[in-house]
Amino acid sequence: MGAITLDGKATRDEIFVDLKQRVSELNASGRTPGLATILVGEDPGSQAYVRGKHSDCAKVGITSIRRDLPADISTATLNETIDELNANPDCTGYIVQLPLPKHLDENAALERIDPGKDADGLHPTNLGRLVLNTPAPLPCTPRGIVHLLRRYDVPIAGAHVVVIGRGVTVGRPLGLLLTRRSENATVTLCHTGTRDLATLTRQADIIVAAVGVPHMLTADMVRPGAAVVDVGVSRVDGKLTGDVHPDVWEVAGHVSPNPGGVGPLTRAFLLTNVVELAEQR
């Protein structure tokens, strides 16, 4: 018997229904939420991501603001654009689409964002607030993972969660989210230096694969009935491919497809962060 699908698209649609109502209430009170994006260059993947985010905005009634810049812009020009959005009253929250061209400092750009307009939840100040468990915009992908598990009644409290990948956007903040008292999971954070990874994953109730290595998590690494969340994305023969081997579906109890699992929720919680920032004003 195959695993239950952790359907990110259906869950996203549920979130959008709620967001549309909340945006309507904000509009009635004279507060219109606005999401801005800064896109530098013409990377096809980045362009597609940005188009998708603005399409999502239209579905729930959030105002879209775009700042598309040429690939050869100077740091000063990028900084001016960030400062303009920091001061723009129509912009509730915004993101700098990554990756940036190599001559631009991504960390410096992210740090220049007003933490109160950090739609991605990745500003150093807001990551620090996550460590301290104080209110702040939460990183979108980790938040989406937790929501998806809850939506399908996968037990989190007391569960052993093995997270593969220590990146700033997923692995590190996910561990912080899952160990809050509201989640109460025990987290093992694995990476390229982890010895005997399979021994650890076979002990897990929940596995989150977020390394970007195609099909690296195989069926023999998964305990029967475990929940598996596939976050990593690679291109193989021109097609998007996740970190989880197809055979895992025959062993696991729940699996998120990739694409179609966590990705839609990352975008949904980007909008959620913007709506929440508007509600707090």
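Even glycines carry a Cβ here, placed using N, Cα and C.
The model shown is predicted, which means the values in this text are computed figures rather than measured ones.
Features reported for this protein in Swiss-Prot:
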type    : residues                               : note
BINDING : Gly165, Arg166, Gly167, Thr192, Val233 : NADP(+) binding site
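Annotated features, which come from Swiss-Prot, shown on the structure.
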| residue | record | contacts (Cβ under 8 Å, 6+ apart) |
| --- | --- | --- |
| Gly165 | NADP(+) binding site | Gly171, Cys190, His191, Val208, Ala209, Ala210, Val211, Gly212, Val231, Gly232 |
| Arg166 | NADP(+) binding site | Arg172, Leu189, Cys190, His191 |
| Gly167 | NADP(+) binding site | Ala210 |
| Thr192 | NADP(+) binding site | Val211 |
| Val233 | NADP(+) binding site | Gly212, Leu240, Thr241, Gly242, Asn258, Pro259, Gly263 |
For the NADP(+) binding site, please report the maximum Cα-Cα distance among Gly165, Arg166, Gly167, Thr192, Val233 in Å.
17
In DSSP terms, helix, strand or coil for Gly167 (NADP(+) binding site)?
coil
